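Listed in TrEMBL for this protein:
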type: DOMAIN; residues: 81-489; note: domain 'Amino acid transporter transmembrane'
type: TRANSMEM; residues: 113-134; note: transmembrane segment
type: TRANSMEM; residues: 177-200; note: transmembrane segment
type: TRANSMEM; residues: 220-237; note: transmembrane segment
type: TRANSMEM; residues: 249-266; note: transmembrane segment
type: TRANSMEM; residues: 286-304; note: transmembrane segment
type: TRANSMEM; residues: 316-340; note: transmembrane segment
type: TRANSMEM; residues: 360-384; note: transmembrane segment
type: TRANSMEM; residues: 405-422; note: transmembrane segment
type: TRANSMEM; residues: 428-454; note: transmembrane segment
type: TRANSMEM; residues: 466-489; note: transmembrane segment
Amino acid sequence: MKSSILPKPQLRPMIAEYDPKKKGVKNDLSDVVMVKYKVDPNDIPVEQQAGSTLPLMEIPGRDIEGDEDFNPFEHRKLAHPTSDMDTLIHLLKGSLGSGILAMPMAFMNAGLYFGLVATFLIGGICTYCVHILVKTSHELCKRMQKPSLGFAETAEAAFLSGPPAAHKFSRLAKAMINWFLVIDLLGCCCVYIVFVSKNIKQVVDNYTLDSEWAPHDVDVRIYMAVLLPLLISMNLIRNLKYLAPFSMIANLLVGTGMVITFYYLFQDIPAISERKQFAGVARLPTFFGTAIFALEGIGVVMPLENNMKTPTHFIGCPGVLNTGMFFVVSLYALVGFFGYLKYGDGTSGSITLNLPQDEVLGQCVKLMIAVAIFFTYSLQFYVPMEIIWKNIRHRFGAKKNLAEYSIRIAIIIITLGIAIAIPNLGPFISLVGAVCLSFLGLIFPAVIETVTYWDRPNGLGRFNWVLWKNMFLVSFGILGFLTGAYVSILDIIKGEE
């Protein structure tokens, strides 16, 4: 659930703001750009770096981990702990990302009523998987005598404290989560390039198409190529301090753009009978990939919970997580329902592409959202770059600066190349969601819980119901991954939106 930076969230993406007191980034998510992936802008301790595959901790002995009196919450040293209300606001901002613009397309692939039910179902499953991750992290904090653990650290700790046969996979578990995060975030960067280019093209075409100096339609790939110098110049900035002001501009543009978008959605709404109630089984994988891309915000959860004043309230009943996710899922369902109801089978990969091309107000929305997402690319790019660089910088000796700049440019060119090769926004969004977020949001939390309680007395519950439940989640995630990726790739090959 992809702030939102706009942002995969997933979540997806969030937009940061510069905090002069900390001389770093503050984005109302307890510095989630830094904390979420444990990245420090100047130096990254080995025990915190997200990309590290070095062991985070030693394998604990059962005598050490048997201290039932250890309360990890009492050992958290937080300079600015967040209240329940603050955390709820942060969760909403972190989960309401750019994926909301794709929800009408998701409903087009599911049908009006089926999409409504399925959105709440997928939202409920994603929320439950977050519960699994947080509860398991609490258990592992007690075993490891650690005040808090991040997502990747939780996976490593689970394998280290689980069955002896699983110990050797601890580094692999941590690395897999980190690299799936890298792929997810760079995939979002590719989606952003397609999104920005398509919105700008629509506005430009309205004034230049069939004119004397632009008589022919300019391919959207040309617009993507034109973005390259701007992307390189923005992403050669290594200090988030200089990028953060752009995020404040993006926040303002996104807020204004969404208000105007709702204005258009609720005008001249057609009858419900004019839309499909169920779009058919063949399109469900695409719906799944798009919906999970939009709804999955698991990456923001651990830093939020780790910075709460009362972390036990996070997954309680009703709890911060349940309250926040209910609001997020409801808003996404609302946008998806009315977006598809308004535009029907003509719904685009982003609802902004359906706004009137010949109206100044509609053109302003396209440009505002395009500029906001362009700025978001730089903030989204920062984290995977830090993860990659931390793992390879030791190879370059005294030429580290030249090597880092070269790698930055190379990765930017790669994301641009992928976007040019796959200019189909809808299938691209579905592909990223199906491939990355099926694992991060569904499969990994289930596996982590299973390994954590595998050899504990009654750890898997009566009749091993925890094992059976997690097998269902893993199977559901794998099915969504395989079918979503397959259908999305077919659509990309066919050139369908």
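Cβ coordinates come from backbone N, Cα and C, glycine included.
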- [ ] Kindly say whether the transmembrane segment (220-237) and the transmembrane segment (316-340) touch, using the definition of 3 or more Cβ pairs under 8 Å where each pair is 6 or more positions apart.
- [x] no
Task: Highest-contact recorded stretch vs the transmembrane segment (177-200), from 113-134, 249-266, 360-384, 405-422, 428-454, CB pairs under 8 Å - done: 360-384
Task: Chain residues outside the transmembrane segment (428-454) and at least six past its termini with a C-beta under 8 angstroms from it - done: 8, 10, 99, 102, 105, 125-126, 129-130, 132-133, 135-136, 139-140, 154-155, 158-159, 161-163, 166, 173, 176-177, 180-181, 183-184, 187-188, 190-191, 194, 285-286, 288-294, 296, 298-299, 349, 419, 422, 460, 466-467, 469-471, 473-474, 476-478, 480-481, 483-485, 487-489, 491-492
Task: Stretch of maximal Cβ-Cβ contact with the transmembrane segment (360-384) [cut-off: under 8 Å; candidates 113-134, 249-266, 316-340] - done: 249-266
Task: Intrachain neighbours beyond the transmembrane segment (113-134), with Cβ under 8 angstroms and 6 or more residues off its ends - done: 1, 103, 106-107, 151, 154, 277-279, 287-288, 291-292, 295-298, 301-302, 305, 314-315, 321-322, 325, 328-329, 332-333, 336-337, 340, 441-442, 445-446, 448-449, 473, 476
